[in-house]
Every structure is written in C-alpha cells, then in structure tokens.
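Below is one structure, written out as structure tokens; comments come after it.
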Amino acid sequence: YLISSSCPWPSICTKLTGVLDDCFCDIESIDVFNNFKIYPRIQKLTERDYFRYYRVNLNRPCPFWADDSHCSIKDCQVEPCPEVSSTDPQLSTLYSQVANANTDIVDCEQAQDLGAINSTLSNYSKEAFEDWARHDDAQDHFCELDDETSPDADYVDLLLNPERYTGYKGPSAWRVWNSIYEENCFKPRSVYRPLNPLVPPRGKGCSSSLCLEKRVFYRLISGLHSSINIHLCAEYLLAEGWGKSLWGPNVQEFRQRFDPAETKGEGTRRLKNLYFLYLIELRALSKVAPYFDRAFVNLYTGDHQEDQASKELLLQFFNETKAFPMHFDEKSMFAGQKIEAKTLKEEFRLHFKNISRIMDCVGCSKCRLWGKLQTQGLGTALKILFSEKEIKNLPEHSPSKGFQLTRQEIVALLNGFGRLSTSIHQLHSFRALLKEKR
C-alpha cells in the first residue's frame with residue numbers, strides 16, 4: 001500500500017512502514033482501516049450539531065509567561081517582548097531579526113485575520129445552547145469541568161473555524177512547543193530538539209532508555225505535534241486576492257517538517273508517533289462504547305430526530321473501532337509494583353495537565369482553540385484507558401459515580417480523533433502529490 005517501485009520519496013516510503021514500536025500493529029493496516037472505514041464515518045459524525053459546537057474559554061491568561069500575542073509572526077514589525085529580552089538574549093536577538101525583516105504591517109494584520117475566530121452563531125443556536133446548558137446542569141457530574149463552567153467560555157462552531165495555516169510561527173510558537181518538550185515531557189536524549197535551533201535545551205533530560213509509560217507519553221505529544229503540522233501543510237494559504245483565499249497542500253512545507261534530510265532523520269519517527277497516537281485514541285474509543293450503549297445516554301440538542309440519528313451514527317462508528325484486530329494493549333501500562341505504578345501514573349497525569357495549561361499561552365486564537373480541543377480529546381482518551389474497571393461496572397439504567405463524561409469531553413474526544421484520522425488520510429494525499437512531482 002505504501003511502497004512501490006516508483007516511490008517519489010524513498011527515505012520516507014521505505015521507513016514509514018512495518019510494525020510500530022511498543023505495539024503489534026503495522027502501518028499498512030492502519031492506513032487501510034482508517035482511510036476506508038474510519039475516515040468517512042468520523043467526517044459525517046463531526047458534522048452533526050452535537051459535535052460541531054465546542055464550548056471553550058479562549059481568554060484565559062498564560063500562567064507561565066507574559067502574553068506576547070502575535071509579536072512573533074514572520075515579517076511583522078514588532079518590539080521584542082520585555083520579559084524575553086531580559087532573560088533570554090538568544091530569543092531577544094531572534095525577535096529583533098523578525099522585527100527588522102520587513103516593516104510592512106500588512107502581513108501581521110493578515111496573520112491576525114487568519115487566526116481570528118469566526119464567532120457567527122444564529123439566534124436559533126444561541127437559544128439551543130441555553131437549553132443544552134439546562135440539560136447538562138441537570139446531570140450528575142463527577143469530574144472537574146474546567147473551561148466549561150467559566151463565564152468567559154463561549155460556544156464555537158468548529159465547521160466555521162477549520163484548523164489550517166494561520167501564519168502563527170516564530171519565537172512565540174517555538175516557545176510553546178519547547179516548553180512542552182524540554183520541561184514537561186519525558187524526552188529521550190537521542191531525539192533531535194529543540195524546534196528552534198537558537199534556543200538551547202532547558203530541561204534536565206532523560207536517559208536514552210525510558211520505561212514504556214514515559215516512552216508512551218513522549219510519543220503521544222510528538223504524535224499530536226505531527227498531526228497539527230500535517231493539517232497546517234494540507235490547508236495552507238496558497239494565494240489570496242479579490243476577497244477570496246485559495247487553500248491547499250504545500251508539499252515544500254510538508255517536506256521541511258517531515259523529510260529525514262531536513263529534520264536530521266526525525267521526520268519518519270514523528271510520523272510513526274502520529275500512528276501510535278491514533279492507536280491509543282482508537283483503543284479508548286473502542287473501550288468507551290459501553291458507556292454510550294446504555295439507553296438513557298443521549299446526545300442532547302433538543303431535536304429528538306437529530307439526537308437519535310447522531311447516536312445511531314456514533315454507535316455504528318464504535319462498532320467499526322471495536323472491529324480493528326490489532327489494538328494497543330493498555331494493560332502493559334503501569335503494570336509494575338503498585339506503589340511505583342501509582343507514583344508514575346500520577347506523574348504522568350500532572351505532566352499532561354501542565355501541557356494542557358500551556359495551550360493557554362498560544363498567541364493565535366484559532367490555534368489555541370484547536371490546541372485546547374485536541375489536548376482535551378487526548379486527555380479524555382487517557383481518562384478512558386485508566387478507567388477500565390469503572391466502565392466495566394457501569395450501571396445499565398443510571399449514571400455512574402465511578403465514570404462520567406461531560407459534553408465537552410465527548411465533543412473533544414470525537415473531534416480530536418477526527419483530526420488524527422484526517423492527518424493519516426492527508427498523508428496518503430501527500431504521497432500522491434510527491435509522486436506527481438518526480
């Protein structure tokens with residue numbers, strides 16, 4: 001499926017194949033399963049009313065450093081961020097280079113426009129959201145609601161705000177990802193980081209051989225990063241004029257991020273981590289199916305026919321996920337001594353929670369929206385995998401004190417996995433484009 005005699009990119013085609021590390025599934029099987037069975041279903045599902053609206057607080061301040069907003073956009077005239085210039089001279093130099101590259105403010109304004117949130121909602125939608133809130137408040141919740149209860153949180157129509165290139169890059173974006181990798185992630189020393197070569201590594205580092213749990217954590221974050229980069233390459237702003245924008249795949253940008261020759265050999269590993277993340281979330285979806293099988297669990301929007309149709313689609317989707325024959329075995333996670341396993345699991349949870357907070361430091365509203373959603377989706381998947389006993393003991397006719405999902409967790413879980421499914425589907429498109437450019 002992946003390798004042919006006319007492979008346009010041998011370094012990727014020969015390495016992005018075979019069995020993935022830490023599991024017994026091969027990439028070819030995932031490609032076929034996703035592109036023909038999962039991708040069409042998840043696309044239809046995320047277009048339903050229940051899944052297209054996500055409530056999120058995009059106004060929370062960054063808890064780790066002063067917000068520099070769009071000051072890092074390439075070719076935008078900006079002043080170096082005060083706190084960076086006083087503590088990190090290398091970043092300060094980079095800010096100055098960016099600021100002096102081009103004094104034309106138009107590009108910066110364009111980047112802000114591309115990253116802005118389309119908050120258009122009909123009066124019908126606004127009334128429906130009030131009804132949804134009343135319905136959700138009447139449910140028994142047994143987990144922290146975070147953004148969902150904030151007065152600054154608003155519903156966002158995800159279909160009106162697709163994840164794509166916004167022009168957000170440079171020091172601000174680098175600092176977010178470097179903070180994740182260097183300070184909040186179990187990162188093997190052998191992995192080529194940081195993303196910005198002008199910024200020295202700040203973390204304490206790890207041994208070259210990490211235990212399974214720490215390897216999994218790093219691979220999940222790396223896979224999420226790869227998925228986001230694929231979306232930006234696949235939905236790139238190719239041209240703009242006469243009030244219309246042309247979006248499409250940028251092959252050169254894709255190669256820059258994933259070609260082994262451009263990434264010191266890391267490109268293939270990054271893509272494999274995407275497949276690994278896909279397997280983890282696929283496993284979570286197959287495990288949580290019994291939660292939704294119960295008759296009293298509905299996808300409430302106030303429209304009975306819509307709700308019924310959405311649940312039928314969801315249950316059909318779950319049946320597909322359960323049919324996959326090579327699921328990741330989550331039982332190998334935290335399987336050591338009880339005290340050691342408990343400590344490691346808590347460390348795992350706190351690292352992930354910290355990463356989710358870093359998403360409030362993203363300076364582009366649209367990037368922050370999708371970063372928060374996909375992080376919450378991954379967090380929900382981990383919550384499911386760590387709740388196997390609670391899910392097995394779910395009462396048939398009433399909510400469970402042991403395991404409960406909020407509306408936002410459900411929306412984030414399905415849309416987050418939808419993004420991963422789309423990434424793998426887009427990889428196939430990039431291979432075809434690369435073949436054409438031979």
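Each position is counted from 1, following the chain as shown.
Placed from the backbone N, Cα and C atoms, the Cβ positions cover glycine too.
Residues annotated as disulfide bond in TrEMBL: Cys71-Cys76 (among others).
A simple way to gauge crowding: the CB of His225 (FAD binding site) has 19 other CB atoms within 10 angstroms, across all the protein chains here. According to TrEMBL, the feature FAD binding site maps to Arg164, Thr166, Trp177, Ser222, His225, Arg257.
Counting every protein chain shown, the Cβ of Cys364 (active site, nucleophile) has 25 other Cβ atoms within 10 Å. Taken from TrEMBL, the feature active site, nucleophile covers Cys364.
Annotated disulfide bond per TrEMBL: Cys364-Cys367 (among others), in sequence order.
The active site annotation in TrEMBL covers Cys367.
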Report the nearest neighbour of Cys367 (disulfide bond) in space among the binding-site residues Thr166, Ser222, His225, Arg257, comparing Cα positions.
Thr166
Between Cys364 (active site, nucleophile) and Trp177 (FAD binding site): CA-CA distance (Å):
14
Cα distance (Å, whole number) from Cys364 (active site, nucleophile) to Arg164 (FAD binding site):
12
Out of these binding-site residues, Arg164, Arg257, which one has the fewest other C-beta atoms within 10 Å of its own C-beta?
Arg164
Using a 10 Å cut-off, grab the number of neighbouring Cβ atoms around the Cβ of Ser222 (FAD binding site), all chains included.
25
If you measure every Cα to Cα distance among Arg164, Thr166, Trp177, Ser222, His225, Arg257, the residues said to bind FAD, what is the biggest one in Å?
21
Distance check, please: Cα of Cys364 (active site, nucleophile) against Cα of His225 (FAD binding site), rounded to an integer number of angstrom.
16
